[in-house]
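Enquirer: Shown below is the structure under consideration.
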Amino acid sequence: MNKPMIFQSNLFMLISSLALVLGFAFDLNANPYGLLMTLVFVVLLGVPHGSLDVLFASQTYDLRHIKHWLKFIAYYMAAALAVILVWWLVPNAFFIVFLILSALHFSDDLNLSGFTLLKWSDGAAIISLPSVFFGHELIDLYAMIIHIDIATSIVKTSQLISIPAGLVIAFYLVTKKIDLRTKLELFCTCALFLLLNPILAFGIYFCGMHSARHLIRSRYFLRQFTRQAFLNALILPTIAVILMGLVIWWLGPKKPLEIDLIRIVFVGLAALTVPHAWVLKQSKFQAHRTR
Ligand SMILES: CC1=C(/C=C/C(C)=C/C=C/C(C)=C/C=O)C(C)(C)CCC1
Ligand SMILES: [Fe+2]
């Protein structure tokens with residue numbers, strides 16, 4: 001592990017522990033600004049990791065001319081729009097596929113290569129553990145995106161999935177097969193998703209682990225780009241995404257603020273996750289990334 005990643009790892013564990021202690025001391029669910037603040041963090045710190053896709057694409061597809069860039073942006077947007085269309089047409093199937101894709105995508109965050117079963121269990125735990133103690137909250141949240149009956153079935157299925165996932169993780173935590181730091185990261189991740197309210201747990205994990213670690217790994221993978229190009233790639237598409245979100249909010253049908261925010265942020269994330277995961281897969285980032 002390189003120095004920036006050790007720092008990120010320590011920070012993630014510190015923030016998770018603090019949030020867990022504070023979560024027990026105060027009722028974080030009762031804070032009306034909690035949701036808003038978490039979503040602001042998710043957008044400002046989480047979206048930039050996807051924003052870097054422009055550099056991954058530039059490196060993978062050798063985008064040199066404006067024509068190539070326009071074509072890439074058109075494909076990326078078309079994929080995102082296609083996801084939104086699928087959400088419209090078959091919201092339930094869309095949501096289930098999105099959760100599975102998210103589990104697979106998050107399973108690349110910790111250094112678990114060589115431990116396929118543990119990797120999948122980690123991804124499955126991230127998605128399923130909130131259902132164990134926060135089942136009702138999770139149903140309410142999912143019901144903002146899909147029909148409440150399907151939300152209930154998904155949460156019940158998640159509760160079942162959390163058992164084998166939790167058992168596999170527990171097994172690896174007590175044996176000596178993985179290193180101590182990875183064990184601690186895994187433990188914090190599970191504690192977060194098991195014990196904190198789902199949105200807060202997601203916000204901390206998405207910003208403090210998924211996005212932060214991706215940015216660090218990317219800086220090594222995308223060495224050919226200058227610091228300025230890296231910063232531009234972080235900022236400009238993020239601004240474009242925020243503007244698009246605002247336009248959709250402005251034009252779209254109005255529901256209570258909380259529902260609007262959850263829908264736009266999570267359907268937006270889902271829409272972007274498909275081309276995002278695709279670009280990363282094409283770039284062979286997984287195979288080359290610095291550990
Ligand atoms: C929908 C939803 C949730 C799940 C979100 C997921 C699974 C997001 C995945 C994002 C990805 C994969 C980004 C890629 O970089 C929560 C937070 C549990 C509760 C609120 C509603
Ligand atoms: Fe990602």
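Even glycines carry a Cβ here, placed using N, Cα and C.
Curation plays no part in TrEMBL annotations; they are all automatic predictions.
The feature transmembrane segment is assigned by TrEMBL to 35-57, 78-104, 124-145, 157-174, 186-208, 229-249, 261-280. Per TrEMBL, the feature Fe cation binding site maps to His49, His105, His210, His214.
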Enquirer: What number of additional C-beta atoms lies within 10 angstroms of the C-beta atom of His49 (Fe cation binding site)?
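Expert: Other Cβ atoms found within 10 Å: 21.
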Enquirer: Enumerate same-chain residues with a sequence separation of six or more from His105 (Fe cation binding site) and a Cβ-Cβ distance below 8 A; give 'none' if the list is empty.
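Expert: Residues satisfying the criterion: Gly123, Thr273, Ala277.
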Enquirer: Are there residues at least six beyond either end of the transmembrane segment (35-57) with Cβ under 8 Å to its Cβ atoms? List them, or say none.
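Expert: Counting only partners 6 or more residues beyond its ends, the transmembrane segment (35-57) has Cβ contacts under 8 Å with 63, 72, 76, 199-200, 202-203, 206-207, 210-212, 214-215, 218, 221-222, 225, 229-230, 233-238, 241-242, 245, 258, 261-262, 265, 269, 272-273, 275-276, 279-280, 283, 285.
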